[in-house]
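Record features, source TrEMBL:
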type     : residues : note
TRANSMEM : 73-91    : transmembrane segment
TRANSMEM : 103-121  : transmembrane segment
TRANSMEM : 137-157  : transmembrane segment
TRANSMEM : 163-183  : transmembrane segment
TRANSMEM : 250-273  : transmembrane segment
TRANSMEM : 285-307  : transmembrane segment
TRANSMEM : 319-340  : transmembrane segment
TRANSMEM : 346-365  : transmembrane segment
TRANSMEM : 377-398  : transmembrane segment
TRANSMEM : 418-440  : transmembrane segment
């Protein structure tokens, strides 16, 4: 086994272990059950929004700290935050403790950037595509295993909702111990660059010029002061940012990435509340199985998307596809919201998840094709930051008890459904603009 394969295997093992959280598919029923005696309104409108705000507040800072500390320490922090979260879920009972827990949940989510960035600093660029697919496959595998495990243990009455948290704690401890064994990283993308980093042939001129300036002195980074190193890092961040987002193709795909991710995260965060309320006479006991199915189908369509998207997506067809797929996601959410059948609600969620998995894979690939390798973390990190900002706005507008509307769960999901209708309309307008622009060019 080659060195890059060993490193990828070690990181993927961490990714698999940290996703083994069998308590997650039933977290809402646990919180509103006899173990904690919280009401649905307290969980939805007072506790969960704190996790969203915490995630947004920490993401940008953790992105920079991750690069400064060279990835591994933040992977360990990711595991430690997981231990705190699921330990508090298992052994605390108050609403206040749940709110504190949500702050750590923001850390847990934000620190995931280290998991996705670490591998690029440890392997050569020629292996980027392979290790990217492997690290994502590890995440899917862990989620699928956790969903199946949770459903089996609960269905056969081996464990109740509270006891599932013990397995989640054990998995987070195992992931953290494993993270300590990961080899350290000597260089990073911005604050600890190698003495010479050649720009790719296809990179924009201003980025190439800056990279060549860095490369002109082999010892420039090693001999520079800390202040100069920090300034150089931020200048390079700006160069990468400018060269990426002045590309209209990258901007077009990034808008969908950020807007759709905001809606997706919001649906994912509150879907269990919808399942618990859609038919009070029928308990939502198949959550684990449904999450496992979504994960499995999501992994399959993601692989398919990687093979088929490059053949049919052209400027016009891509805009049309994004509009139609967004409309399909809207229909799936509205189906889940308006039905009185739990089975149909599950079906709507599965359809939504599969459509999102397919589209986000295509969009991610298109963005990656149009930016330099060094810009991956920055571009996707910024897109995620925009998505979280929009999600925070959504949370405050329709979910938070102190927000603008504080809608009930059905009102919230109606908003999310029409949110994707708006997204569909946006790309229909983009398509119309492209057609009009093309006709005008022909006339000229």
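Using N, Cα and C of the backbone, Cβ positions are placed for all residues, glycine too.
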Mark yes when the transmembrane segment (250-273) and the transmembrane segment (73-91) have three or more Cβ pairs under 8 Å (sequence separation 6 or more) and no when they do not.
-> no
Other same-chain positions with a Cβ less than 8 Å from the transmembrane segment (250-273) and lying at least 6 residues past its termini are 25-29, 40, 43-44, 48, 51-52, 244, 284, 287, 319, 322, 326, 329, 333, 336, 349, 352, 356, 359-360, 363-364, 366-367, 370-371, 379-380, 383-384, 386-391, 394-395, 399, 409, 412-413, 416, 419-420, 423, 426-427, 430
Between the transmembrane segment (285-307) and the stretches 137-157, 163-183, 418-440, work out which stretch tops the count of Cβ pairs under 8 Å.
-> 137-157
Where else in the chain does the transmembrane segment (418-440) make close Cβ contacts, counting only residues six or more beyond its ends and a cut-off under 8 Å?
-> 252, 255-256, 259-260, 263, 315-316, 319-320, 322-324, 326-327, 329-330, 333-334, 394
